[in-house]
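Colleague: Sequence annotations record features per position, and here TrEMBL assigns transmembrane segment to 12-33, 123-144, 289-315. Residues annotated as domain 'Flavodoxin-like' in TrEMBL: 335-470. TrEMBL lists 486-604 with the feature domain 'FAD-binding FR-type'.
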Amino acid sequence: MLRKLHGLPALFAVVFLVTLAVTGSMLALAPVLDRAGAVVPPAGEISVAQLAGRVAENYPGTEQIVRDLSGQVVVYYSRDGQTGADLVNPLTGERLAAYQPAAFFVWIRDLHRSFLLDTPGRMVAGISAALMLFVCLSGMVLLARRSGGWRALMRPLAGTGSQRFHAELARLAVLGLLLSALTGSFLSAQRFGLLPEASDPGPGFPAEVSGGQPRPVDRLKALTEVDLGDLRELVFPYPDDPRDVYSLTTTGGSGFVDQATGELLQFQPRSTGSAVQQWIMRLHTGEGLWWLGLILGVAALAVPVLSVTGAIIWWQRRWSSVKVQHRVAVDEADVVVLVGSEGGATWGFARALQTGLTKAGFRVHCAEMNALADAYPVASMLLLLTSTYGDGDAPASARQFMTRLRDFRAGSTLNYAVLGFGDRQFPNFCQFALEVDEALAGKGLSRIQPVELIDRCSAGRFSEWGDQLGTAIGSPLSLSHDPVPPRTVRLELAERVDYGLAVQAPTSILRFRLADPGRGWRSWFSRSRRHSLPAFEAGDLLGILPPQGQDARFYSLASSASDGVFEICVRKQPGGLCSGYLHGLKPGDSVEAFIRQNPGFRPVAGTVPVILIGAGAGIGPLTGFIRNNTARNPMYLYWGGRSATSDFLYQPELGHYLEDRRLTGLSTAFSRSAERAYVQDRLLQDQTALRQMIDTGAQVLVCGGREMAAGVKQVFEEILQPLRLDVDDLRVQGRYLEDVY
Ligand SMILES: Cc1cc2nc3c(=O)[nH]c(=O)nc-3n(C[C@H](O)[C@H](O)[C@H](O)COP(=O)(O)O)c2cc1C
């Protein structure tokens, strides 16, 4: 709901908001330019009396001196019956230039304040400012939910693509935008009488004026006591009228100065209300606060970009959340499928499940988890598919589920199964699905099968879950859904290096290149597709389609696009279809493949140590990171294999990287040699050094099989204990990353 409310005003008012923002950012430049052109003496160096004396010397017909908040001094004068205005140097009182407010800025200001439409335009500008305020506040709430709470707002953000970019940019700009929107709404509300406006009526003309012989202005006592920095305005008396007075306005208040005695008359300090009013104006315009002007201007420039990324997100969400159709009414359904989703991906799986169950003869009711009914009178199966969001929290369409569950009457015939969708890069992998599973068991429902957790929308795991469910309910199900149908390219095997045959762990380094597109218009077409291949880096995934039409299998890339090859390490799994297929390839053979980016698995840039840990084929991306470490930042590799003579992958390259210092330290463990050691043993041996590195901010990246990763995690819990840290703490800070399979 809040998401819709966040998007709607932005959608309707986008033209106005973007106009306000762009003109606002241009206006914010004015104080910066004014300040750059102004001569500003240090505080205490020049008094108003000295300034007025120097100005009066150069401009005998001075009528008024005005100092704006940027420090510019303007003299209004009359000469030979003509009036004029000049910018002057306050140090000398000499003319710098004729004073002319830039026509361009005047026009932009009118556009900003009223869209050039006077009062109706001012109203629209006011309403737009209020909408902006709402968009900022609702956006902050959504950002906090996304990050897992207000305290987590500054943590590195998760996700990819437009969503991540939108959130990152919004987080940078939101304070500036909030300040502009808040002060803008306030000023508009005052203008239309919705809020009272503080105004000082000013002091009355003094009843007693000496009327004596006027003294030169630079000798008037009251003016010698005011510093130039405090001056706002000094209006000169009419010439030849000894009963007239100087009228003085400073940052502290206003009053009059007797031109003969130099005494300050009727001084009235500025009221608090008027000071506040002035501050609000300054906070909105940045006038006199050039650095704030810059911040507001840059923040405002983010609005057009946020509008575009916001529209893309809205469209993506709409596209992916086209809800399930042809659903059966609640009290007629024998299977109820409930969906918890934030970004829409889980709905695609739910549609596939609904189709599979319907084909198998079930009557399926499908709805979001927030719509949990009080009871399902006829249903015998409740299937819940849910993602996890924020920091292990419920996604939007399941946020009210736990509350509704309290009043849910389960009945004795209803059994359930939970399928969680999440991402292992997050510390609380599929946490919400686990909680839902527990809560349903706590309600007395029986599980059809244990809760299953799916990492990064794996199509393969989903269809395996479907097979298990089909077996459990005695009705075979064939589920297939790949949320992002990949656009593949043809790759040709250029080279392979084989290891591990002697120790029954055949593992190969395979290097592919884009297949030659041949000649003719077809080749032109494939060449242009080639260029649309996304850039990739070591650690991204190469999806390979096995020829038998099975789902893609993913392999971590050891190379980056700049290397000109697609390099992967593949261990031949017993009975593995895709790994068997890849191991059977000869140079010149080709495969269909695509790139899936994996931005969550990358070493940090900078000088903090990076500890790389892997076993077997997991060395691939780790070697890629070392190869890219041309800045020679400290990087340590712990790697475990079977035998130094048979499966020591990348041995020559690693030796070379040690020599040229791209790799700082290498520690290996071999399980089928005399030492019979695992990578965990090496970590334990080096625990003091590792602890010290972690204490200085080091990052850990683990790549390899699930069992090895679990062992490494256990060792790290031990290493971290004296630091009063655990692996989850490091994960939250993006300092413990895993790529496991
Ligand atoms: C901001 C954000 C926070 C996430 N938090 C978690 C999390 O705490 N645990 C987890 O397992 N997955 C987390 N994920 C991954 C999502 O659960 C996963 O991408 C899921 O497939 C999204 O499905 P949906 O589009 O239906 O919501 C997060 C994703 C994003 C973008």
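Using N, Cα and C of the backbone, Cβ positions are placed for all residues, glycine too.
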Colleague: For the transmembrane segment (123-144), could you work out the same-chain residues 6 or more beyond its ends whose Cβ comes under 8 Å from its Cβ atoms?
Modeller: 2-3, 5-6, 9-10, 13, 16-17, 20, 112-115, 117, 150, 152-153, 167, 170-171, 174, 177-178, 180-182, 184-185, 188-189, 191-192
Colleague: Would you list the DSSP helix, strand and coil counts for the residues of the domain 'Flavodoxin-like' (335-470)?
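Modeller: DSSP classes over the domain 'Flavodoxin-like' (335-470) add up to 51 helix, 34 strand, 51 coil.
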Colleague: Helix, strand, coil residue numbers for the domain 'FAD-binding FR-type' (486-604) per DSSP?
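Modeller: Helix, strand, coil within the domain 'FAD-binding FR-type' (486-604): 25 helix, 42 strand, 52 coil.
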